[in-house]
């Protein structure tokens, strides 16, 4: 059995590639705005840091490879990689982490394989996973949404936190993570998993401030809905196809519904899975990467469904609260196999 991987991305010229990448950046604006609203200025600062790092790293590698720097940077792929990594990490993560993660994504996960169209794994998720495994504490230190935060840093304090780790008054991440109830806060998925391990019931957990009056966690449901709006825009513009996001979301919802039906005391509800963490970001902006996803319609359905199952398994039984990045990379591994068995039959061709 021989695997044949067609050259990608599956667009015919640089102008078309640039247009699609730019549309994805535009579609990300609602999600970026929502994250900035609920979690502060850090999201924007991380995007700027990641974008600069991505462009500089790409330019350096292209120069070393004696390729045209200007023409390659104009496809916006490096910019998009930096953006996706930046919105995936905590807004007050140290500056060197986003630089390290973005540099690794561009230099190792993308350019080392030959550049755009040759990388088998999503570069942004490679960078994210490297950071998560190397610095788990910093990568899970999300601020509580402003609605339930005891202290919210302003623009200058946000910059100080990113570059020095302290606010002007000497506050640190431990202080800023405290909610209005006086308890250090985490993301809804992280809170759910940690509290279950501590012996709390689902009924008790859902009374925590992070879930107060919300379907899937204060702030997080609106962030996910904002990414959903961007995803619908991409579908409307035909920048992505529906197969991957629909199969991913339906499979995740089905797994979550079945799990919740049979074990409501230990497993999260479908709405928590769908509207928390990086669900919508992953469905429309990460899994749909034309370079690392399946290239056939049937293959896209299988690819999305596989990622949905993996996200549910990792969230429900794994060691990490959110499993989107790991699910994406594991699904990327299967793409050659999926494409091999879902490639349309060529009429008139017979195996000799």
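Cβ from N, Cα, C; glycine included.
Residues or ranges marked as FMN phosphoryl threonine by Swiss-Prot on the basis of sequence analysis: 187. Residue 187 (FMN phosphoryl threonine) carries neither a helix nor a strand DSSP state and counts as coil.
Counting residues 6+ beyond its ends, the transmembrane segment (20-40) has Cβ neighbours under 8 Å at 9, 11, 47, 75-77, 79-80, 83-84, 87, 91-92, 142-143, 145-147, 152-153, 158, 219-220, 222-223, 225-227, 229-231, 233-234, 237, 239, 280-281, 284-285, 290 in the same chain. What Swiss-Prot lists as transmembrane segment is 20-40 (among others).
Summarising the annotation, Swiss-Prot assigns transmembrane segment to 42-62 (among others). Sequence-distant neighbours of the transmembrane segment (42-62) (same chain, 6+ residues past either end, Cβ-Cβ under 8 Å): 32, 35-36, 68-69, 72-73, 78-79, 81-83, 85-87, 89-93, 95, 98-99, 101-103, 105-107, 110-111, 143, 158-159, 161-162.
Swiss-Prot lists 69-91 (among others) with the feature transmembrane segment.
Annotated transmembrane segment per Swiss-Prot: 123-143 (among others), in sequence order, evidence recorded as sequence analysis. Same-chain residues lying 6+ beyond the ends of the transmembrane segment (123-143) with a Cβ under 8 Å from its Cβ atoms: 39-40, 42, 81-82, 84-85, 88-94, 97, 100-102, 104-106, 108-110, 149, 173, 176-177, 185-187, 190, 286, 320-321, 324-326, 328-329.
Beyond the ends of the transmembrane segment (215-235), by six or more residues, the same chain brings 23-24, 26-31, 33-35, 38-39, 144-148, 187-189, 191, 209, 241-242, 245, 271-272, 274-277, 279-281, 283-285, 288 to within a C-beta distance below 8 angstroms of the stretch. What Swiss-Prot lists as transmembrane segment is 215-235 (among others), and the listing cites sequence analysis.
Residues or ranges marked as transmembrane segment by Swiss-Prot: 242-262 (among others).
For 267-287 (among others), the entry in Swiss-Prot reads transmembrane segment, with the evidence type sequence analysis. Within the chain carrying the transmembrane segment (267-287), a Cβ under 8 angstroms from the stretch's Cβ atoms is held by residues 24, 27-28, 31, 84, 87-88, 122, 124-125, 187-189, 192, 202, 215-217, 220-221, 224-225, 227-228, 230-231, 234-235, 240, 244-245, 248-249, 252-253, 256-257, 259-260, 293, 303-304, 307, 311-312, 315-316, 321-322, 324-325, 327-328, 331, all 6 or more beyond its ends.
Among the features that Swiss-Prot reports, transmembrane segment is placed at 301-321 (among others), with the record citing sequence analysis.
Positions annotated as transmembrane segment by Swiss-Prot, on the basis of sequence analysis: 322-342 (among others).
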Non-local residues, at least 6 beyond the ends, that sit with Cβ under 8 Å of the transmembrane segment (242-262): 231, 235, 268-270, 272-274, 279, 282-284, 287-288, 293-294, 297, 300-305, 307-309, 311-313, 316
Close approaches to the transmembrane segment (301-321) from elsewhere in its chain (Cβ under 8 angstroms; 6 or more beyond its ends): 132, 140, 186-187, 189-190, 192-194, 243-252, 254-256, 259, 267-268, 273, 277, 279, 282-283, 287, 293-294, 327-328, 330-331, 334-335, 338, 342
